[in-house]
């Protein structure tokens with residue numbers, strides 16, 4: 001984690017990165033506190049106030065069923081963050097472990113894992129997730145699983161590269177000399193030198209996961225109604241784009257803000273840890 005702490009210290013004077021961190025924290029806080037701060041229940045309907053434009057009573061307006069858009073966005077952001085962070089965590093754990101194992105063992109193991117990584121990376125992430133979700137069906141757990149599959153090879157490639165470099169360092173040879181097992185070396189010596197880079201890249205790839213979740217929801221393959229999702233709200237407002245543009249505008253802006261600040265945070269941390277990771 002030393003690399004991660006050093007990265008945070010290096011990006012602290014960066015004002016744009018600082019604003020990105022603050023904005024990301026505000027979005028996460030609002031989403032987590034949605035049950036407390038949302039002015040209305042996300043599924044509460046009032047047909048007398050359907051398709052109301054933004055006003056003092058409904059800051060982001062209402063939809064075709066009179067549901068408050070702001071409240072639904074706050075709850076929908078919870079789903080986006082849950083899926084994005086969940087998929088990234090699963091992808092980082094599995095991909096990181098796979099990459100560390102392959103990079104440390106070398107030989108035929110490394111060759112086979114590298115080929116599997118190349119095959120998975122040859123598929124566009126969204127297409128791969130579409131294929132998986134179409135097979136397993138929609139749902140939060142299914143989305144996390146599908147998106148994590150697209151992230152595993154990305155994390156594995158970073159972990160493998162770092163593990164190969166670390167496994168040839170003197171302290172690893174010293175551990176081998178005194179009889180340290182492969183498992184002990186990987187856990188006690190390789191992993192601490194890899195996890196910092198993985199954590200930095202995770203902040204960048206969480207943005208990708210959030211965008212994929214929104215895309216799948218927009219295509220009707222996300223979490224099923226009545227649970228609100230940002231992509232699903234955009235889909236619902238598509239047929240009313242000219243009559244009530246706020247139905248699509250505000251969820252789209254929130255998705256844009258989330259992806260933008262996550263990318264800014266990830267870019268800042270990545271460049272601080274190792275500029276060579278720009279090529280990953």
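Cβ atoms are placed via backbone N, Cα and C, with glycine included.
What TrEMBL says about this one:
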DOMAIN    77-266  domain 'ABC transmembrane type-1'
TRANSMEM  19-41  transmembrane segment
TRANSMEM  79-104  transmembrane segment
TRANSMEM  124-152  transmembrane segment
TRANSMEM  194-224  transmembrane segment
TRANSMEM  244-266  transmembrane segment
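Residues 79, 82-84, 86-88, 90-92, 94-95, 98, 205, 208-209, 212-213, 215-216, 219, 221-224 of the same chain lie 6 or more positions beyond the ends of the transmembrane segment (124-152) yet place their CB under 8 Å from a CB of it. Count of Cβ pairs under 8 Å against the transmembrane segment (19-41): among 79-104, 194-224, 244-266, the largest is for 244-266.
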